[in-house]
Amino acid sequence: MTTTEPRLASATATGALPPPILSRGARRRRGMWRYLREQPFGAVAAAIILVFVALAILAPLISPYDPLAQNRAAIMVPPNADHLMGTDDLGRDVLSRVLYGARTSLLISVATLAIGGVAGLVLGIVSGYFGGTWVDTVIQRIMDSLMAVPSIVLLLFVAALLGPSIRNTILALALLVIPAFNRVARGEMLRIREETYVEAARAVGCSTKRILVKYGLPNLMAPLFVVTSLLFAIVLIAESALSFLGIGTPPPTPSWGRMLSEASRQLEIAPWMALFPGLALSISVLAFNLLGDALRDFLDPKQRR
């Protein structure tokens, strides 16, 4: 008799259906949502991020004005019924620019983490699986070289070299996150390659590619979720910093960093120009940091207090 037969027999006797048998992934997802509900900071952070993503996606539909439209009759108007966050020194609606700035930040952050994550993940898996060989040595020396240069210096050099554009900003930021993904993937792969099931796969003749894809990649997802959420906050700050310095998102594309740069010249006259994009950036960064901490605590019970 199988283990499910007593469950079915009991269910038949009581007239109730047995609870469904969940897969390991489904149990983990259900446990994660339950943990987030029990941890108010993590749940609030997840809600803020969902709102941030929704506003960024729906910006063309919910923005009251064109973010590039200038109104010479409404220059530096304080927040009012017509302009809930006021206007800037060119008469542009600050609320509309904040919403479109979220769209720009989301696009750059997602593209940066996708490019940097894939590159760092592939290099980390290969480096960890072939740990101790010349392949591992070459990859890690490249990563050490990238990490040896201060992040801000590396960003400024690459961004200034390539010129201000969204594409070049993404490439510069991708170089910043590749070593972080690489370190996480390599550390996990060094552990995974010594597991019994991996040794068994080698013994039965599984190819290196099959082992990496079937056993390596799935086991890396949990730590990658954590590092991605934490790096999202770093990328948001770095992108804003580049735009603030004038070598990131080019004008007139709305960007929180560029809005802060433009507002710095009018801070005493029109403080709302800096207040609202600054709040949007601060709240978003805080939310991603809190979510990263919550995911880390959930995936690593030893970290829980």
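We number each residue from 1, going along the chain as drawn.
Using the three backbone atoms N, Cα and C, a Cβ is placed for every residue, glycine included.
All TrEMBL annotations are machine predictions without curation.
A quick note: this is a predicted structure, and the numbers were derived from the prediction, not measured.
According to TrEMBL, the feature region 'Disordered' maps to 1-23. The annotation transmembrane segment is assigned in TrEMBL to 40-62, 106-130, 142-162, 168-185, 220-249, 269-295. According to TrEMBL, the feature domain 'ABC transmembrane type-1' maps to 102-292.
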Could you give the residue numbers and ranges of same-chain residues that sit at least 6 residues beyond the transmembrane segment (106-130) on either side and whose C-beta is under 8 angstroms from one of its C-beta atoms?
52-53, 56-57, 136, 139-140, 143, 166, 169-171, 173-190, 192-193, 208, 211-212, 216-217, 220, 224, 228, 231-232, 235-236, 239, 249
Which listed stretch (40-62, 142-162, 168-185, 220-249) has the most C-beta pairs under 8 A with the transmembrane segment (269-295)?
40-62
Long-range Cβ neighbours of the transmembrane segment (168-185) (under 8 Å; 6 or more residues past either end):
108, 111-113, 115-117, 119-121, 123-125, 127-128, 139, 143, 146-147, 151, 154-155, 158-159, 162, 220, 223-224, 227, 231, 234-235, 238-239, 242-243, 248-249
Near the transmembrane segment (40-62), which same-chain residues lie under 8 Å Cβ to Cβ, leaving out any that are not at least 6 residues past its ends?
99-100, 102-103, 105-106, 283-284, 286-291, 293-295, 298
For the transmembrane segment (220-249), what are the same-chain contacts with Cβ under 8 Å, counting residues 6+ beyond its ends?
104-105, 108-109, 112-113, 117, 121, 125, 151-152, 155-156, 159-160, 163-164, 166, 169, 172-173, 176-177, 180-181, 184-185, 188-189, 192, 255-258, 260-261, 281, 284-286, 288-289, 291-292, 295-296, 299
